[in-house]
Amino acid sequence: MAAALLRAPIPVLLAGFLQSAYLLRKKPWSKDVRGAWAVRGIDVTRPTTGSTLLLFAYRATAALFILVVGVSELQDRGMDAFKYYTVWNWWLLGAYFTLAAAASFSALQRERPNPERRVSRLEHAVVVLFHVNLTTVVVVDVLTWTVLWPIMRSHPDPTLVAAFRDIMFSFTSCSQHGINGLLMLAELLLNNITFMPYMMGYVSLWSSAYSVWTMYYYLTTSHWLYPFLDAMQSWSPAAYLGMFILHWAFFGSKAEVAGRLVIQLSTKQDPGSGT
């Protein structure tokens, strides 16, 4: 058991934490040494097109939707649901939209926005969670439909396959493995948040924290939460390294998309004028 953990999960976990420490301390590729603290508050609360009220309404609606789906799942499955990465990320997504809606609401209370004001603590948290969720929703959705579902579908017992199908194509599952991506895509189209490469440090912290949980769960139950995380398999080092690379790949792809959208949409409206 210990040898298996040393072969795959622990080395990748240590690499994740070291990477996070470096990125968050040094802030490489940042235009300003302050990193996200140099972002204008108005870029967090004003949409690229439309009004602050529109962005607030969208964020509040998304937060409410996530809460309703999450509470409904907890009523059906209890706290046991929190052992899965999907559920961790669903509630993290809810935290993002809740804080983002609060930031937008606060902006609506100001008589006139100050284009030079830098982010508050609340708005900084929004920037951080935006970057983390923008990556993890894609990781969750892609892994679910390209890895996890094919594994379930190939099970030799047709009764279990039917049960898996009912679970995977339920409203809750489709919300957490599909609608979540659409919610973040709409948010990406609406907001003015600058994409910052060093924020990968927070993504790595989040995924590493879940890795710690999966190892604890295995040590206490002798069961791996996901078949592709089974460190007892000979291919586990490649699987864990693949997960590490996958987060970087999706973070990078989101950076490319975000950069192009900012260039294309930022000329539509001057975020320093009106509400």
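Any Cβ shown, glycine's included, is placed from N, Cα and C.
In TrEMBL this protein carries:
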TRANSMEM  6-24  transmembrane segment
TRANSMEM  53-70  transmembrane segment
TRANSMEM  90-108  transmembrane segment
TRANSMEM  128-148  transmembrane segment
TRANSMEM  168-190  transmembrane segment
TRANSMEM  202-219  transmembrane segment
TRANSMEM  231-251  transmembrane segment
Can you see whether the transmembrane segment (6-24) and the transmembrane segment (202-219) are touching - at least 3 CB pairs under 8 angstroms, only pairs 6 or more apart in sequence? yes
State the residues, same chain only, that lie 6 or more residues beyond the ends of the transmembrane segment (128-148) and have a CB under 8 A from a CB inside it; answer 'none' if no residue qualifies. 36, 85-86, 89, 92-93, 95-96, 99-100, 168, 176-178, 180-181, 183-184, 187-188, 191, 193, 195-196, 199-200, 202-203, 206-207, 226-228, 246-247, 250-251, 253-254, 258
Taking residues 6+ outside the transmembrane segment (202-219), which of them lie with a CB under 8 Å of any CB in it? 1, 5, 9-10, 12-13, 16-17, 19-20, 23-24, 83, 85, 88, 92, 128, 131-132, 135-136, 139, 225-226, 229, 231, 243, 247, 251
Beyond the flanks of the transmembrane segment (53-70) by at least 6 residues, Cβ under 8 Å: 45-47, 87, 90-91, 93-94, 97-98, 100-101, 104-105, 107-108, 171-172, 175-176, 183, 186-187, 190-191, 275
